[in-house]
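Remarks on the structure that follows.
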């Protein structure tokens, strides 16, 4: 049996692709070297320890139907579209070495006439007349007996959209997470017009084969049917869940304040693992009872727009005279946490 494995995904679903990556990584023999090539439609991918409400403009993502996907590696937030080519290299230890996979990608780009070099821990850059421009970023994960290196190559990404989804409102919240570093980036297509996703994949594949001195047929992973991978359905369910993508955020606080016709409301939330653990309420409303009840009921609530509105709606039967105010507060909170 060959020590190499080449997988290519036909899916643009980030949860599907990350689930495939996770399953292959868990189940591969320690003697195998794997190359997985894939790409995602409109997605913000965040690091394992990041807070999506801090790193992303979650409201605009929802409006534009952009998905959020939490990966199992560390690092910062990145925006993926079909102008990104994604790669994952996996190997058992002690052979796993991210400098090897970095060299394979650099060699592949060189074959396409793109002179890239490594910069810092995670990036590949190309020198231009305006200075170095980042064309690739990477992240890594290691366990006791294996490791992987995955990253993106900016082929023809819509760079104007980066700031749409990776720049949250300044006053939105204060968090204990990790802040992403946004470098100066460029598309490969601008540096070498005409290069396609298929050419990038072929070049990386050939450089992979050349380094290890053997070849293997590609396995195409299709979204039309779940891959024949043990535990894939469960892994996909977890990868696509709100609990993983949002609920795994580090603890943070969120302060909301608004003035309504009937009075001002200020709410302070402490949030852990996607649930409200503490709520403080301040208001000059002439009838604070329904708002005090709301603050109490929000303890333990999922930090999700529909859940917050649901708590307000449930209080309407107890405070029918303040139904309009409660619904107004519910809509305001829902808008604030999207």
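Cβ coordinates are placed from backbone N, Cα and C, and glycine is handled just like the others.
Features reported for this protein in Swiss-Prot:
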{"type": "BINDING", "residues": "71, 76, 77, 78, 79, 134", "note": "ATP binding site"}
{"type": "BINDING", "residues": "134", "note": "(R)-lipoate binding site"}
{"type": "DOMAIN", "residues": "29-216", "note": "domain 'BPL/LPL catalytic'"}
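Shown here: features listed in Swiss-Prot, placed on the structure.
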residue	record	Cβ within 10 Å
71	ATP binding site	20
76	ATP binding site	19
77	ATP binding site	25
78	ATP binding site	26
79	ATP binding site	23
134	ATP binding site	19
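Under the three-state DSSP scheme, residue 78 (ATP binding site) falls in the strand class.
Secondary structure at residue 71 (ATP binding site), taken from DSSP and collapsed to helix, strand or coil, is coil.
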